[in-house]
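Annotated features in Swiss-Prot:
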ACT_SITE  Asp91  active site
ACT_SITE  Glu156  active site, proton acceptor
BINDING   His89, Asp122, Asp180  Zn(2+) 1 binding site
BINDING   Asp122, Glu157, His394  Zn(2+) 2 binding site
COILED    1-31  coiled coil
Amino acid sequence: MDQQIYSLQKKVEEHKEELIQLAKTLISYQTPAPPARNTEGIQSWIAGYLNELGFSIDKWDVYPGDPNVVGKLKGTDSADYYSLIINGHVDVAEVKEDEEWKHDPFHPIEKNGLLIGRGASDMKGGMACVLFAVKLIREASIELPGDLILQSVIGEEVGEAGTLECCKRGYHADFAIVADTSDMHIQGQGGVITGWIEIKSSQTFHDGTRRNMIHAGGGTFGASAIEKMAKIIAGLGELERHWSIMKSYPGFKPGTNTINPAVIEGGRHAAFIADECRLWITVHFYPNETHDQVAAEIEDYVNRLSDSDIWLRENRPVFKWGGSSMIEDRGEIFPALEVDPGHPGVLALTASHQKVKRECPIIDVSQSVTDGGWLYDAGIPCVIYGPGDLHNAHSVNEKVSIEQLVEYTKIILDFIISWCSRKKEQ
């Protein structure tokens, strides 16, 4: 088998133009999110590609115009051999009108050993590598004992959980790789959750009554919801500082766990005391925490702060956490993902990496978030491992090294065969 894998890896080199053309084809589909609802074309193409390779296809709309595609290659001995999910998203970062691209971002070019175009690094380059590796395996008539599941999902760029929908649909495996941007480091990640904190007064007052609320002898029990929200914002800053002192995680700089007061909305008219205010926050947390845990910590802190305020005791803050889409309901959740370096899947991926790169892979944490947290949250051991680096993801003239695409294809090819040909440990 090792000799057969080596022969296939040589084919990656010999046919790298086919790999590059495959990446160019994926990039040429204009799938920015926002605006989203534009992935039907690329997903139909991927479904057709996998169907021709013998995969059973499951394609369904998550949103109109945005379908998920899952291809499954049933193993010859699924019960006894390890199964694998490889996951990737086909939406890309938006391209704004004022961005100064040197060429059309959706007509990719090669220059100085780089592939340039929107999504080259994040993460259509990685998707192309996986598809090409699978094509070579199928053309070589290699039968995998374990199941191989490829997930091509939508919505990652805007917090739409295409991957969560795959989990809800019942897709599970012994190990998963998210082929997203990691510069070929094996990575875990912290998590992100957004939330709304709303204060609403039980009464509405005219602007002319403000003096009666804020001066001695005024006799009116009332307050501006905006000013009370300012008190909560200050309190969140105190909690954030407490976290930075008391919490830590290897690979993250102290204070990476943040509470960002991102958007504030409030009041109804300049002639009224603000009777409502809403604060939209973004919370970053560490890999060993859950989004439910940090949300509960924030609620507890804000509620205790409210207990110390006479008006807030009577007009309690209300919390709404997460959401299914930054587009649809202005909310998102990216669960954290913790890597176990001793897991058989991580050890096998390390071995595949070493065979090609002649060095151990770096195992660390991403400074961003991916859909990997949803797989981990569903009980699937998972890592982020893909070509491209975060400095290029979302950037003007986004690019990825062609050499890295070739290397990654060789590694993922070796890993698919090795892992899916390995008997489960009893």
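Placed from the backbone N, Cα and C atoms, the Cβ positions cover glycine too.
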| For Glu156 (active site, proton acceptor), which of these recorded positions sit within 10 Å, Cα to Cα: His89, Asp91, His394? | His89, Asp91
| Are there residues at least 6 beyond the ends of the coiled coil (1-31) whose Cβ is under 8 Å from a Cβ of it, and what are they? | 38-39, 41-42, 45, 90-92, 106-108, 110, 115, 117-120, 124-125, 127-129, 131-133, 136-137, 140, 142, 356, 402, 405-406, 409-410, 413-414, 417-418, 421
| Inter-residue C-alpha distance, Asp122 (Zn(2+) 1 binding site) and His394 (Zn(2+) 2 binding site) (nearest angstrom) | 7
| note | Residues near Asp180 (Zn(2+) 1 binding site) by Cβ (under 8 Å) yet at least 6 apart in sequence within the same chain, in sequence order, are Gly88, His89, Asp122, Met123, Gly126, Glu156, Thr370, Asp371, Gly372, Ile384, Gly386
| Reported as an integer number of Å, what is the Cα distance between Glu157 (Zn(2+) 2 binding site) and Asp91 (active site)? | 7
| field | Additional residues surrounding Zn(2+) 2, by Cβ distance to the Asp122, Glu157, His394 centre under 8 Å | value | Val92, Ala93, Gly119, Met123, Ala393
| task | Between the Cα atoms of His394 (Zn(2+) 2 binding site) and the residue listed as 'active site', find the distance and write it as a whole number of Å. | result | 12
| field | Mapped DSSP class for His394 (Zn(2+) 2 binding site), helix or strand or coil | value | coil
| When you average the Cβ positions of His89, Asp122, Asp180 for the Zn(2+) 1 site, which other residues in that chain have a Cβ within 8 Å of that mean position? | Gly88, Met123, Gly126, Glu156, Glu157, Val178, Ala179, Thr181, Thr370, Asp371, Gly386, Ala393
| remark: Judged by other C-beta atoms within 10 Å of its C-beta, the most isolated of the recorded positions Asp91, Asp122, Glu156, Glu157 is Glu157
| query | So which of the binding-site residues is most packed in, judged by how many other Cβ atoms lie within 10 Å of its Cβ, out of His89, His394? | reply | His89
| Can you give the mean pLDDT for the coiled coil (1-31), rounded to a whole number? | 96
